[in-house]
Structure formats: C-alpha cells, structure tokens
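Inspection log for the structure reproduced underneath, given as structure tokens.
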Amino acid sequence: MAGPSLRPHVHWAQRHRELFLRVDLSDVRNPDITITDNVLRFRAQGHGAKGDNIYEFEIEFLEPVEPKPVCRMTQRQLNITVQKKESNWWERLTKQEKRPLFLAPDFDRWLDESDAEMELKEKEEEKINKMKIDSRVPKDPFKHLKKGYLIMYNLVQFLGFSWIFVNMTVRLFILGKSFYDTFHTISDMMYFCQTLALMEIMNSLIGLVRTPLIPSVVQVVFGRNFVLFIILGSLEEMQSKPVVFFIFYFWSISELFRYPYYMLSCIGIEWKPLTWLRYTVWIPLYPLGGLAEAVCIVQSIPIFSETGKFSLGLPNPLNVTIQFPFVLQIFLIALFLGVFVNFRHLYKQRKHHLGPKKRKMK
C-alpha cells in the first residue's frame, strides 16, 4: 500500500510575461500537471527529499495565467513554464500572502523588476536589429521562377524514367518480350532523359542546387552518357545485347525515388518513407549499375578493335595511332574510381539525412 503523498521543493522566478517553476524531483514518472481556475495542481512519482514517492502540490496564482503549462523534464529536475495572461510584474507568486514552506525563490533565474525590464528591452532591441538585418538582405526576384523551373525539371525526369521502368517491366514480365530489343524500344526516351540530365551540371554550376559539381559530372557525363551515346549509340552490335536491359533498368529504378524527393524538397515537403528510399535504394543499385556499365564496355572492346572506330591516327612525324580500345581500358579503371567517389558522396548524404540524431530530454 502506497504511503501518503509528499510535497517536493519548488523554486520559482518570473519575467513580465511568464513564470518559471523548478521542481526538485529526479527520475520523474507519470507527471500530472493541470491549471484549473487559476490553480496549478501537480502530482508525480519521483525521487525527492523523502526518497522515491508520490509528490504533489497546489499553487493558486496571484493573477490570471494561461491554462496550458509547458513542462520539460531532465534526469535531475522538472521545469514548468506558465504564461501570464497580462504582461506585468507580480509582487509575489501566490494569492495567499504567506509563502508556502515548500516554495522558495530560484536564485539561478531570479531578477528584480528593473533587471527584468532591462532584459525585456534588450530582447526587443535584438528583435528590431534582426528585422533591420533581414531587410538589408537583397531578395531574389527570380526565387519563384527558379523554384518553378526545378519542380518542372524533376517532374519531367520522374515521368520519363517512370515510363521507361513501366514499359520495360510490362514488356518483360507481362508480355514476355526478350532482353534483346530493349534498346530499340526504350532508347528514344533514354536519350531524352539523359540529354536533359546535362542540366543538373548547369544547375550545380550556377548555384541553383547545392549538389557538388564533381559527382554530377562523373555520373552524368563520364558515366551514363558515355555508355549511352558512345558505346551503345555508335555500335549496332551492342544494341541487341542483354546487358542493355540491366543498364536501363538499374538507371530507371534509382531515379524513381531521386527525382520525386527533389521535387518535394523544392516546396519544403519531406515524406520520410521517400527520404529513406532515396538514400537507401542506391546501395544495391549503384554498384549493380556500375557493374553492368563495366560489362558493356568490356563487350564493346573487341568490336571497336575490329572496326577501328574512334581510333585516332596522328600525322607524321609521330605516325602513332591512339587505339580507342586502349582508351576504353583506361576508362574502365576511371569508371570504378568514379563509382567509389560517388559511393562515398552518397554515403555521406545518407549519414547526414538518416543518421542518428541527438534527442533532447523532455
């Protein structure tokens, strides 16, 4: 059977607009704090001067207060903030003239009326100064135009890659089409989306987005567009390879989450499931996409060797021929280095957006 309730030590201080109550209880559990008819009622389980017990008290305030107190708990104490209905200075806290024994001034926060007025004046001056500084910052007249452009860009890219993904999925798994005609049915839309993706480099270059420039260049120019336009676009023999299906499929899946995430970010909306998908799906897809691109390059080397396409013969006296297959071998090494650079960049982004955050005790 629980013993009788006890009163904790309570310390108080005030400002013109609010009251501060500090309840000396640690490990507080199940606090019940209400204000009814200008009376604050407190009841909680915690560890105080009489050990672990139920503590409670009532305070009838001198003047009217707002009925919704704000409570913040720490491991050692509980803090209650109560808003006054009118901004003025009270001569005491309670309606009864004799101060209750459990109540004492909080000297850590105590100010007399003149000091409180000075603090209030400083806050008002700080607010005015901040407004003056904000008014000096030049407003961007093209802000809404830039936002509208970014929304439309991400929307168009999302629709384009959605069409690619749905088309490939339906053709393969529902219609039973083979891998071999992927390029001939999908390439036009992929050309459009990847040509449009060059705008991402421009967006980063002129500061429209905060994406670093180098990862954008590595992924768009020296990754996807090189494979699409130089390897697949120039060799008909490569266009019927099954690897084309996997390249296009991996590209389209990753963009189904990236572009909607950026589109919603433009209007200040964050949907947590989409954020998680945007910063998680790339973990398996990015290495798989890089591997598919590498396989495509390896398969194209014998064809370029046989045809001599893009090989460059230098005039006399050098009389040297730069073989394009040799360039592809170097590019293959650069491809894996680029995958590593972008993987590291994306991992840092994931850690920033999804990593553990410090939580304040309430």
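Here the Cβ of each residue, glycine as well, is placed from N, Cα and C on the backbone.
Please treat TrEMBL annotations as automatic predictions, because they have not gone through curation.
These come from TrEMBL:
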type	residues	note
DOMAIN	5-94	domain 'CS'
TRANSMEM	149-169	transmembrane segment
TRANSMEM	189-206	transmembrane segment
TRANSMEM	213-231	transmembrane segment
TRANSMEM	243-261	transmembrane segment
TRANSMEM	281-304	transmembrane segment
TRANSMEM	324-343	transmembrane segment
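Ranked by number of Cβ pairs under 8 Å to the transmembrane segment (189-206), the listed stretches 149-169, 213-231, 243-261, 281-304, 324-343 are led by 213-231. Summarised as a single figure, the pLDDT of the domain 'CS' (5-94) averages 91. Summarised by DSSP class, the composition of the domain 'CS' (5-94) is 0 helix, 57 strand, 33 coil. Sequence-distant residue pairs (6 or more apart) of the transmembrane segment (324-343) and the transmembrane segment (213-231) include at least 3 whose Cβ atoms are under 8 Å, placing the two stretches in contact. Sequence-remote contacts of a segment are chain residues at least 6 beyond its ends whose Cβ falls under 8 Å from one of its Cβ atoms, and for the transmembrane segment (281-304) they are 223-224, 227, 231-232, 235, 237-238, 241, 243-244, 246-247, 250-251, 253-254, 257, 310-311, 324-325, 328-329, 331-332, 335-336, 339, 342-343, 346.
Beyond the ends of the transmembrane segment (213-231), by six or more residues, the same chain brings 190-191, 194, 197-198, 200-201, 204-205, 238, 247, 251, 293, 296-297, 300, 310, 331, 334-335, 338, 341-342, 345 to within a C-beta distance below 8 angstroms of the stretch.
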